[in-house]
Amino acid sequence: MSETRVGIIMGSQSDWPTMKEAADILDELGVAYETRIVSAHRTPDRLWDYGKTAVARGLHVIIAGAGGAAHLPGMMASKTRVPVIGVPVLTRALSGVDSLYSIVQMPKGFPVATMAIGAAGAANAGLMAASILAVSDPDLATRLDDWRAALSASIPEAPGDA
Ligand code: RP5
């Protein structure tokens, strides 16, 4: 494993089962990451510190997942130029549409790369982070190419009976 270049942050412990999908992908691809609970609402000082120190600590990508009034990715993007990938966590009340809208509608100037709602979005966030790092990491690029080829090869050409 290389040095930690990806931060996976989430608003609550309850987000972890979703955000673990991103961590699992990074494990598969041999990308080192750290995980933290950082809430825009409950731990705003922790959010500020994390964003303020992200560049100096060598982070290249931050994956931020939150549900409901999901301010975390946008607030983090306001605090650091490290690219932020947002994951809208599925919610019970509004099925994650609240999370999606909270994350995707950033004003001009502070982008968040927003993924799909839930587990697929979290897994894709891991892949997106790996893609960003692979631009300047040929070994990772090879592992990512192999991962993608294996996924393609696993898709049958014709449907079978269930
Ligand atoms: C958000 O509120 C978190 O990101 C989480 O998705 C949601 C619910 O949090 P808990 O009440 O489960 O801690 O801040």
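Backbone N, Cα and C atoms are what each Cβ position is placed from, and that goes for glycine too.
The shown structure was predicted, so the numbers you read here are calculated from the model rather than taken from an experiment.
Among the candidates Arg42, Arg46, Arg57, the one that TrEMBL lists alongside Ser12, Asp15 as binding substrate is Arg42. For the recorded site, Arg42 (substrate binding site), the DSSP three-state label reads coil. Mapped onto three states, the DSSP output places Ser12 (substrate binding site) in coil.
Ser12, Asp15 are the binding-site residues among Ser12, Asp15, Arg42 whose C-beta comes within less than 6 Å of an atom of ligand 1, given in sequence order. Here the binding-site residues are Ser12, Asp15, and the one with the most other Cβ atoms within 10 Å of its Cβ is Asp15. Take the CB of Arg42 (substrate binding site) and look out to 10 A: across all protein chains shown you find 11 other CB atoms.
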